[in-house]
Amino acid sequence: WEFNGSFYQPSAFLMMGIPGLEALHHWISIPFCALYLIALLGNCVILFIIKKTPSLHEPMYYFLSMLAVTDLGLVLCTLPTTLGLFWFDMRRIGFDACLTQMYFIHILSFTESSVLLAMAFDRFIAISHPLRHSSILTKTTIIKIGLAIILRAMVSLLPIPFLLKRLTYCRKTELSHSFCFHPDIMNLACADIKVNVFYGMIILLSTVGMDFIFIVLSYILIIKTVIGLATKEECLKALNTCVSHICAVLVFFIPMIGLSMIHRFGKNVPPLVNTLVAYTYLIIPPALNPIIYSIKSSHIREALLRALRRKSD
């Protein structure tokens, strides 16, 4: 412990695995390894196919590339501490290292939310103004959107580590997860955390909350446009292009909202539920997104099959 008058700050935190199942961590690591492997390989394959296939150099697939890069970042942020804990019982993480991991996890989460919003906007333009789609979402515009997404996440979350460093902490140093999460660290403090709670809530609502609202509005406008189409076949064809994105939105936002509610209002929720929701939020979307898009996008499937045929020849 560092001591300065009445100010206490831990030199490190202790991460937790799955409560009550510590003896089974080696066996539990098997499905985690499988999910991490699927996420890493799946997203790398998506990026490789999009890069090597000129016909996929379109706005929809540029945004899908952003989603894949974000998912890879989330995987690489949590993989070392999660597998280190399950394999080698490495529970200790330095205070500053914990804040750094937390900062990047939240940046990537906010980035994924914004990318999903950009993808919803892309679908709206593609369905409502198909002839102007490529002229509205040019490469320059997409690059600007990507930079704006990253800057918004970085700037809005920049005060969070400093707000945590100013707090005095109790002697309890056990985190609820195998990674660092802002509400989790904040709740270990023995000081007034109203500023942290207020700022965290404002940032969450003004970024992820607004993203979700605009995604819903985009789909209301998409449905309104689709209803006006001449035939049932055209209507189903237009909606079919949105299925992958809708699945990705649900896979990301449902566990994220659940985890946020648990940390803020679920004082009596069993620790096991808290842990499972947290792992679902950070590991399942990166693993499922490439599968969802590979299954639903015929263009990606065909490009993948062509690449496999060339390898076999």
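Using N, Cα and C of the backbone, Cβ positions are placed for all residues, glycine too.
Caution: TrEMBL annotation is automatic and unverified by curators.
Some features that TrEMBL has for this protein:
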- 24-50: transmembrane segment (TRANSMEM)
- 42-293: domain 'G-protein coupled receptors family 1 profile' (DOMAIN)
- 62-88: transmembrane segment (TRANSMEM)
- 100-121: transmembrane segment (TRANSMEM)
- 142-164: transmembrane segment (TRANSMEM)
- 197-222: transmembrane segment (TRANSMEM)
- 243-264: transmembrane segment (TRANSMEM)
- 276-295: transmembrane segment (TRANSMEM)
Overall pLDDT for the domain 'G-protein coupled receptors family 1 profile' (42-293), taken as the rounded mean: 91
Closest-packing stretch to the transmembrane segment (100-121), where packing means Cβ pairs under 8 Å, from 24-50, 142-164, 243-264, 276-295: 142-164
Among 24-50, 142-164, 243-264, 276-295, stretch most in contact with the transmembrane segment (197-222) (C-beta, under 8 angstroms): 142-164
Two-stretch contact, the transmembrane segment (276-295) and the transmembrane segment (24-50), at least three Cβ pairs under 8 Å: yes
Beyond the flanks of the transmembrane segment (24-50) by at least 6 residues, Cβ under 8 Å: 17-18, 56-57, 61-62, 64-65, 68-69, 71-72, 75, 79, 82-83, 85-87, 89, 279, 283-284, 286-287, 289-291, 293-294, 300, 303-304, 307
Chain residues outside the transmembrane segment (142-164) and at least six past its termini with a C-beta under 8 angstroms from it: 59, 62-63, 66, 99-100, 102-103, 106-108, 110-111, 114-115, 118, 182, 185-186, 189, 195-196, 199-200, 203, 206-207
